[in-house]
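Peer 1: Below is the structure I would like to discuss, written out as structure tokens.
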């Protein structure tokens, strides 16, 4: 994440709009933000983090009234507009925060509105995106980790170093997504699956049984034997089948011959019957061809004649009925005709009744309008009186409101006084902080004095130093140590002489021990050895005692060297504490001067610099006055609204309504006179005592009578016309039917004559015999087919018998022989079927055994693979148990952090200290420091001084930022640090600044916030933050 531009307004001390162009600041890779304590430097970082995450450590969401307290007291709105580059591809993002103060309630600030955008080149504009956790998704860090690694606010710089092990491990897991290495659950699933597969394989192997290659060979041999038997039996069966087939053919010839003879005998008995049926069929066909068509025409003609005669009778009856109905309807029409001719007079009278009714209604409406006119005039006068009263009340309220406004508290003065007290409280808080720092330095110095005393009084130094030496400066102590070492060097030289003498004596004793009588001495050449040296054991004891004394002396010298080194370190630490005390005294004096300047800046005679409560009372009084003024303004606006409403009601409703009523009344009077003139037939006075309902009833009765009379006349006329039309139709139909029946009777007579002639010419006696023959209804086709089939069957049977007699001439069929062949064939067939069943069973058995053996091989191979896989899974299970692998990877990242941090920390401490990772408990890791000035021994990080702790925290923070940058593959590496430089002396500050300068070569952008003037002089691109009467101002220096 690289900042590009920031705009702030109404946030904390930033009253007016302030803009920061980070693209100019970051040109040199190292920039700073400087200003006095309380000027608003840290608010810039808080604005960025709040825009990104909607979170701030300074105020809680609930309980602290965060929205009210974040907004400047002299501002009505808050605005943060932050633009940055983020993500692997360096997209441009924009985050905005906006909030407004309730204009009616000063302490009511609604929830801030947060928005997020991404720059879209194709749109050439900002496109809105979701704000929910968008910063965490883009940057890849949660709010807490962002504060520990990228933008580190005041008081949070050493968080990562001081975090408990569990929280640091959780932070590493979140930053580097180490949870992806926690594969214990997945390994467990793999183990369950592998065990299940092994169990399934074991079950399958059990199901395959105990099949072996030997059993398979036995089954194959059995199959070969069975197939040989099948072949022999099949040959025998073929011979028997051929014999049986020949015998069956012979038997069938003799059976067919016998059946043919029996069939011919049966057919001969039916020959006379079929001849009679043929004769009867011929007579029926002759009758049907001659008489059937004529008889059918006769029947049709008789039926048609009878039908038309019946229809003629029905039509004549209908004609008589229609004539009678016409006479009846004409009689009814004659009765109502006189009334129908007078219907127009009735209609005109009814219309005048309607005018009488309208006239009555018009009079009623006129009376109502007159009543409305009276009420409207009363309302007009009353409303004018109310307007006068409201005008007077409004004027009185206006005078009261002007008086209340002129007596208000000067809020600008009260705000300035409140800001003075706020600044003074900040100075006093700094004073307390300086006191705490002074006490902490004094406590640390006291502990250091005690450590020095403990060193001096520890063995072997207690012989040289006493309790009174605890106050001796380390320089003088080192001198005494040098003097003691000189004395020890002299003792060491004397011991060396004594040891050399004893060793010489020991060597001489070795030669003396090897001397033999009569042999020359290797040293003097003498052949006589009168006094051979002895006492070897005593000599060895003396030599051992001297060597022990020499060893103890050497250890004492080493101890004094170490003490000297430790005193050198203590001397540096005492010097460091002196410098810290000097800085604290300077801060104390600066704070004292600032407090004096602040007291001198108090120029408000109405307030006391010692009475802050009076300022709050003034704010309370202003809020009370503001409430009273708001109440008066609300009452004034209410009266003004009531006056405007009254005027509006009078001018736009009452007056126009009254004018409308008077216009309607005039129109209604003219309308009444017009209706009076239109009534001619009726006397209006006759209806004076009748109600409108009675008049309506009379109108309805006369309209009903008129409508009924008209309807009855029209219905009778239509009925008479319809009956007349029906009479004419019946007359035509009767005439036509009479003509048709005469023609049909003549045609029937001619048919009877012709039929009598044809019967006389045939062999039939009369018409009844002909009808009887035709009614027999022979099925000609069936009868002809049966007769022809009989003839064909008889001729075919005779021909077949002749053929069979020729085939069986000279042949003989023996039933016994045939039965024996059949029995032998059946026995062999059963035998071969059994053998084939046995062959099928053996074939399936061989096939199954072959498949089982092949399956066993495959299953055992698979089982072997799964066994190997199970062992591998067990190894993985142990590896990932209890998040062990995650702890291992986390430790690797921590070790890499140590390695990277040491590259800077080792240099900043002039190669005196080195950060290391150790394992206090299994799978738990923490930091410790190796002190290279004290034989490389390790000690806790908590033992570091404030400056050293700052140095190691800076080195760790830079290393962590490097790793996050490498993981996110971002285009730039950005790091922002707020404060932390005050605990450094000038030399350490120089080392830190040199480290910050070197970051330019690493494509890293670093921003620092501090009130330390030395840094301001070294950093070219920086912002100066000044707190003025108008709020905090940003002064750029590029």
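Placed from the backbone N, Cα and C atoms, the Cβ positions cover glycine too.
Nobody curates TrEMBL annotations by hand; they come from automatic prediction.
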Peer 1: Coiled coil per TrEMBL sits at which of 478-505, 506-533, 590-617?
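Peer 2: TrEMBL lists coiled coil for residues 478-505.
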Peer 1: Which residue range, 277-304, 305-332, 333-360, is the one TrEMBL calls coiled coil?
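Peer 2: Checked against TrEMBL: coiled coil maps to 305-332.
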Peer 1: Looking at 224-275, 380-431, 536-587, which stretch does TrEMBL describe as coiled coil?
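Peer 2: Spelled out, TrEMBL records coiled coil over residues 536-587, not the other listed ranges.
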Peer 1: For the coiled coil (478-505), would you mind checking the mean pLDDT of the predicted model?
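Peer 2: Residues in the coiled coil (478-505) carry a mean pLDDT of 71 in this prediction.
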